[in-house]
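Presented below is the structure to which this report refers.
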């Protein structure tokens with residue numbers, strides 16, 4: 001967000017600020033624009049620009065610079081990407097702007113859904129799926145056009161005066177508009193210029209005009225996806241705002257996705273205005289943190305709570321930024337026997353910023369509440385070792401942060417600096433397991449757990465991001481039991497498998513052997529998340545996950561080969577789900593207090609699930625030392641876990657009666673019944689293993705034949721019996 005504010009401040013002399021703004025021989029009109037019948041601006045003859053590739057947009061902008069230099073009467077267009085309003089019929093006039101601008105107004109809430117469907121109206125719509133309620137910034141369409149979930153508001157073709165209207169419910173100070181075109185894989189629809197109207201009663205309207213009294217035509221989009229911001233030359237106090245498309249892409253339709261920037265104004269009838277502000281008793285830091293600010297905040301938490309925190313790095317990004325982790329425990333830096341390890345990972349996709357801020361808020365909250373003596377937090381930190389990785393992809397985040405919350409779009413910053421999607425970059429162990437299962441090799445020949453990395457994945461020329469390798473080494477170094485991967489752009493919890501078992505299937509229900517546990521974990525988070533439990537909320541984009549409790553099998557949503565969830569399950573002991581936290585990938589700072597309240601209890605409750613099921617220590621019966629890498633198998637579940645280096649283990653299970661087996665190389669297998677109840681805390685299930693005669697003999701031979709006296713006498717008696 002600060003990237004947006006800095007950009008707007010820097011461009012304050014300009015009326016508008018937009019990335020990928022259109023360029024044409026007539027100011028403000030995109031190449032190939034179609035004029036609305038009532039427009040008084042002549043149609044340009046420039047060939048349509050039908051691509052949104054960045055290098056093409058930059059080339060067009062450079063052309064615009066050349067044109068502007070030739071037109072001496074026009075003001076300099078400003079920095080790259082600056083969108084400027086157009087004054088029809090008076091191209092030589094210069095628009096004089098007031099010195100005071102209001103770039104800091106937050107979004108009204110079309111993208112975050114704070115603006116309800118009932119607050120959006122339009123002059124017409126091509127279909128219900130293209131209605132006014134779909135005119136929200138960054139809204140995504142379904143795979144098929146023409147259904148109930150298309151990717152924009154689109155007016156009817158015969159509508160000669162189309163408009164999209166937003167009701168703010170109360171008077172606000174409108175300061176700017178962000179627009180996009182239609183999200184579709186089949187259509188090319190976007191508005192290239194528009195006018196703006198305001199009203200207090202939806203009956204009497206006035207337009208945004210320049211100092212000479214002429215209507216301002218704002219330049220809009222030159223592609224469907226790049227957000228373009230236009231600031232009003234003079235902020236307007238009103239309740240309603242209308243966007244009136246004037247021109248649109250040639251051969252397309254007037255289609256819009258939008259966000260409105262507006263500042264609240266004082267209401268003389270509101271006696272308690274402070275009651276509408278969501279505060280925090282813990283003085284938490286509700287703002288977006290770039291790399292430097294994140295590091296500073298983590299250091300402050302560590303200094304406030306040095307006895308329960310430790311900061312460490314698991315590696316570096318491609319750009320050299322460290323992947324910092326905050327460890328929180330009563331004995332930081334130490335694995336305590338019998339204490340489970342749990343992690344939260346955020347920022348795998350750099351533009352999905354909410355998870356990063358929630359983890360920074362969580363570490364502040366845990367520190368404050370521990371110092372305050374909160375019993376729930378105290379117990380959590382004394383019985384669990386927590387690891388928080390707020391930014392797995394810091395390079396991508398810095399890109400998104402620089403663009404700002406409203407201009408980052410849907411995908412910019414998602415990938416690493418190398419262009420790698422980290423959630424498709426882990427080794428595909430699913431195919432390896434499923435082929436072995438089809439050949440009847442599991443579990444006798446091929447294990448059903450801790451599958452090794454494929455050879456191709458470790459080759460020097462393998463396309464594996466340094467961020468991915470850092471997390472893999474982290475997974476192998478610490479015996480994690482439970483994890484959640486925090487994403488954004490939806491409101492749902494997805495669980496493994498993420499990859500479909502049928503090759504090339506786009507989606508297919510593909511459960512793990514631990515499907516009951518994963519559904520439990522997912523339901524726990526979804527059931528304690530306030531936004532997911534809001535029965536009145538509308539779907540974010542094209543699927544209504546509330547019909548199924550806001551949880552879904554990942555592969556049944558869309559296949560994701562090489563996901564971190566699947567890799568964690570098949571390569572380590574750790575069970576991991578993906579939490580999609582919000583419809584808005586990069587919510588404005590104004591939204592952070594509410595998002596924290598939506599997720600606070602869910603984050604804590606999910607951490608507490610690490611103590612469900614059974615736990616224990618597998619020891620050598622003679623020495624009583626823990627046995628590392630012993631295999632814990634549960635009858636009826638074709639997925640095993642192993643013990644840590646001290647012999648301790650944790651096996652997540654839902655309530656029920658289980659037959660559990662412990663085995664280790666050189667030891668007799670031991671089996672026992674373990675009953676998991678709904679009582680709080682794990683059920684202890686310890687094992688004592690006895691070495692096999694073969695193992696004893698191997699150890700004796702290792703002592704160069706020097707047998708103990710008792711064993712020597714037994715051997716002599718056996719020889720005498722012969």
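Placement of Cβ uses the backbone N, Cα and C atoms for every residue, glycine included.
For 30-54, the entry in Swiss-Prot reads region 'Disordered'. According to Swiss-Prot, the N-linked glycosylation site annotation covers 49, 200, 210, 307, 461, on the basis of sequence analysis. Annotation comment: Swiss-Prot describes 103-263 as domain 'F5/8 type C'. What Swiss-Prot lists as active site, proton donor/acceptor is 580.
When Cα-Cα distances from residue 461 (N-linked glycosylation site) are compared across the recorded positions 200, 210, 307, 580, the shortest belongs to 580. Looking only at the glycosylation sites 200, 210, 307, 461, the densest Cβ neighbourhood within 10 Å occurs at 210.
Sequence-distant neighbours of residue 580 (active site, proton donor/acceptor): residues of the same chain at least 6 apart with a C-beta under 8 Å from its C-beta are 487, 488, 489, 490, 491, 492, 493, 494.
Taken together, the residues of the domain 'F5/8 type C' (103-263) have an average pLDDT of 94.
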